[in-house]
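Trainee: So Swiss-Prot lists the following for this protein:
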TRANSIT   1-24  transit peptide
BINDING   His50, His98, Asp183, His187  Mn(2+) binding site
MOD_RES   Tyr58  3'-nitrotyrosine
MOD_RES   Lys68  N6-acetyllysine
MOD_RES   Lys68  N6-succinyllysine
MOD_RES   Lys75  N6-succinyllysine
MOD_RES   Lys75  N6-acetyllysine
MOD_RES   Lys114  N6-acetyllysine
MOD_RES   Lys122  N6-succinyllysine
MOD_RES   Lys122  N6-acetyllysine
MOD_RES   Lys130  N6-acetyllysine
MOD_RES   Lys130  N6-succinyllysine
MOD_RES   Lys202  N6-acetyllysine
Amino acid sequence: MLCRAACSTSRKLVPALGSLGSRQKHSLPDLQYDYGALEPYINAQIMQLHHSKHHAAYVNNLNVTEEKYQEALAKGDVTAQIALQPALKFNGGGHINHTIFWTNLSPNGGGEPKGKLLDAIKRDFGSFDKFKEKLTAVSAGVQGSGWGWLGFNKDQGRLQIVACPNQDPLQGTTGLIPLLGIDVWEHAYYLQYKNVRPDYLKAIWNVINWENVSERYMACKK
């Protein structure tokens, strides 16, 4: 199911605005590992706060915003609908991004990808090390809060690395299909790495779930 769903994460989590009247409420996804499972690279306190507080807040605020949007839609209040767009983008993006992020991590992660994903990385970036350096640099260079992404350009059939500010969702803002996201909001690392974002970015490669990233890539190739 993951393979079929990987390319449509954004579309499933944030329905078309016109269909909000019959929507189901969003819920916080369970993690497939314990909060302490990613130590020593990401400690349990960060994981617990990040998942149960920060991600949960995006989910709750998204549901509240969609309820308000539904009311505005029913009333034909276009002004209110427009005013709610930033909150839909921010909280919807936060939910989409984190739902992908948790699956991109694994206590059994690290190393290098295999098979067709590795071949594509070498084709589009020259080598795995060059890819790793570029995604690290792009993520480190995000001003303020945001994400570094490895995405798939379906039109060109190639991998691309980009940064998105705040919680802007990759597919909704660039058209790229998200494969691997690195959260560089301070809540993702500050309690452990303080203001040294590069140390966090160096550590996170040890828990990247390449199996999940590969599944997402193969799903997008179909």
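Every residue, even glycine, has its Cβ placed from backbone N, Cα and C.
Please situate the listed features within the shown structure.
Mentor: In this structure, His187 (Mn(2+) binding site) is part of a helix by DSSP.
The number of other CB atoms found within 10 A of the CB of Tyr58 (3'-nitrotyrosine), across every protein chain shown, is 22.
DSSP gives Lys68 (N6-acetyllysine) a helix state. Cβ neighbours within 10 Å of Lys68 (N6-acetyllysine), excluding its own Cβ and spanning all shown chains: 17.
Under DSSP, Lys75 (N6-succinyllysine) is assigned to a helix (H, G or I) in the three-state scheme. Other Cβ atoms within 10 Å of the Cβ of Lys75 (N6-succinyllysine) number 10 in total over all chains.
Under 8 Å, Cβ to Cβ, and six or more positions away along its own chain, Lys114 (N6-acetyllysine) finds Trp210, Ser214.
Taking all protein chains in view, 13 other C-beta atoms sit within 10 angstroms of the C-beta of Lys122 (N6-succinyllysine).
In this structure, Lys130 (N6-acetyllysine) is part of a helix by DSSP. Around the Cβ of Lys130 (N6-acetyllysine), a 10 Å sphere holds 13 further Cβ atoms from the protein chains shown.
A sphere of 10 angstroms centred on the C-beta of Lys202 (N6-acetyllysine) encloses 14 other C-beta atoms.
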Trainee: What is the Cβ neighbour count of His50 (Mn(2+) binding site) at a 10 Å cut-off, with all protein chains included?
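Mentor: There are 22 such Cβ atoms around His50 (Mn(2+) binding site).
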Trainee: Please compare the binding-site residues His98, His187 by how many other CB atoms fall within 10 Å of each one's CB, and tell me which has the fewest.
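Mentor: Output over binding-site residues His98, His187: least Cβ neighbours within 10 Å is His187.
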Trainee: What Cα-Cα separation, expressed in whole Å, is found between Lys202 (N6-acetyllysine) and His98 (Mn(2+) binding site)?
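Mentor: That separation, Cα to Cα, works out to 20 Å.
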Trainee: For the C-alpha pair, I'd like the distance in angstrom between Lys122 (N6-succinyllysine) and Asp183 (Mn(2+) binding site), rounded off.
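Mentor: Per the Cα atoms, Lys122 (N6-succinyllysine) and Asp183 (Mn(2+) binding site) stand 24 Å apart.
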Trainee: Taking the centroid of the Cβ atoms of His50, His98, Asp183, His187 as the Mn(2+) site, which other residues of that chain lie with their Cβ within 8 Å of it, listed in sequence order?
Mentor: His51, His54, His55, Phe101, Trp185, Ala188
